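Taken from TrEMBL as is:
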- 17-145: domain 'EamA' (DOMAIN)
- 154-288: domain 'EamA' (DOMAIN)
- 12-34: transmembrane segment (TRANSMEM)
- 40-62: transmembrane segment (TRANSMEM)
- 74-97: transmembrane segment (TRANSMEM)
- 103-121: transmembrane segment (TRANSMEM)
- 133-151: transmembrane segment (TRANSMEM)
- 157-173: transmembrane segment (TRANSMEM)
- 185-204: transmembrane segment (TRANSMEM)
- 216-234: transmembrane segment (TRANSMEM)
- 246-267: transmembrane segment (TRANSMEM)
- 273-297: transmembrane segment (TRANSMEM)
Amino acid sequence: MTESRLNISRRTVLLADSSILLAASFWGVGFAVLKDALTYLPTFTVLVCRFLAGGVILGLIFNKRLKGLSKRGILDGLCTGFLLFLAFALQTMGLIWTSAGKQAFLTATYVVLAPLISWGITRRFPGLKSMTASFICLGGIWTLSAAEAGGLNKGDIMTLVSAVFFAAHLLAVDRFSKRTDPVGLASLQMITLGLLSLPFAVLFENPSFSAMPPRAWWSMAYMIAFSTVGAFTIQNVAQRYTSPTHAALLLSTEAVFGALAGVLMLGEVFTPQMLMGAFMVMAAIILVEVQLPAAWTERLLSRAEER
């Protein structure tokens with residue numbers, strides 16, 4: 001633990017953790033809100049409204065940090081924005097054919113996928129813990145899909161592919177944020193996502209904003225204000241005062257909030273088998289994120305050597 005971390009009071013850490021949990025709830029509820037918005041607006045129109053507006057607002061809030069990006073930083077933002085575009089486009093389209101609660105857990109598999117993708121790129125074995133989590137996660141996905149007639153539908157498959165791009169985006173941001181301001185990077189990638197969605201919205205979609213009921217406008221307002229600007233700002237500030245492990249674990253509760261929102265707001269039903277699958281996915285995520293105490297690790301290694 002660093003000296004700066006030691007100087008942070010327990011009350012500040014608790015406030016930071018609570019704030020990150022709030023951000024996770026914003027994102028989780030966003031699955032149900034987005035599902036509702038897609039009833040009135042097509043996929044790319046939603047992405048343009050959400051991310052172009054959200055990116056511009058963040059750019060105005062963090063104006064100096066966005067302007068301070070170097071040429072390399074701009075390229076980093078364009079690259080991560082493209083990955084985010086692929087991820088959100090597939091995720092948003094997938095939500096048309098799957099439930100909000102189910103998608104919340106399928107999307108969360110990116111936490112488990114990231115070490116595997118890193119393994120494929122760097123040739124460095126991610127470790128026994130990550131591999132075990134991957135198998136548990138696969139079992140959870142199978143249990144979730146087998147609970148419904150027909151197994152995985154095209155919405156589920158789109159969501160799982162989007163999770164691969166979310167994992168790739170996570171790895172890219174992890175690398176680029178070491179050389180580029182993370183706030184400026186996030187603002188630029190959101191604007192990039194919105195601009196990449198714009199041609200598809202103009203050429204292939206015909207939204208009728210005049211026919212949208214007030215409920216749809218409120219859904220879009222929530223997505224922009226809470227799921228995009230609010231959640232990101234809270235996360236960016238709060239993560240300075242807590243550990244990465246705390247942050248990752250708290251953010252993974254997004255899946256739980258998504259499932260609850262689907263049940264309470266949309267009347268979705270989670271069968272006992274689906275709950276078991278969701279529990280397995282959540283257990284895999286926690287297994288990846290939790291750092292075992294050094295004493296436990298040494299004991300396990302010594303036992304392995306004895307055998």
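Cβ atoms are placed via backbone N, Cα and C, with glycine included.
Where the annotation comes from TrEMBL, it is an automatic prediction and has not been curated.
Beyond the ends of the transmembrane segment (74-97), by six or more residues, the same chain brings 31, 34-35, 38, 43-44, 46-47, 51, 103, 107, 153-159, 161-163, 165-166, 168-169, 172-173, 176, 179-180, 184-185, 187-193, 196-197 to within a C-beta distance below 8 angstroms of the stretch. The average pLDDT for the domain 'EamA' (154-288) in the predicted structure is 85.
Counting only same-chain residues 6+ beyond the ends of the transmembrane segment (216-234), those with a CB under 8 A from a CB of the stretch are 19-20, 22-24, 26-27, 29-30, 33-34, 36-37, 39-41, 46, 49-51, 53-54, 57-58, 61, 186, 190.
The transmembrane segment (12-34) makes no contact with the transmembrane segment (185-204): fewer than 3 of their CB pairs lie within 8 A, with pairs spaced 6 or more apart in sequence. Comparing 40-62, 103-121, 157-173, 246-267 for CB pairs under 8 angstroms to the transmembrane segment (185-204), the maximum falls on 40-62. In terms of DSSP helix, strand and coil, the domain 'EamA' (17-145) has 108 helix, 0 strand, 21 coil.
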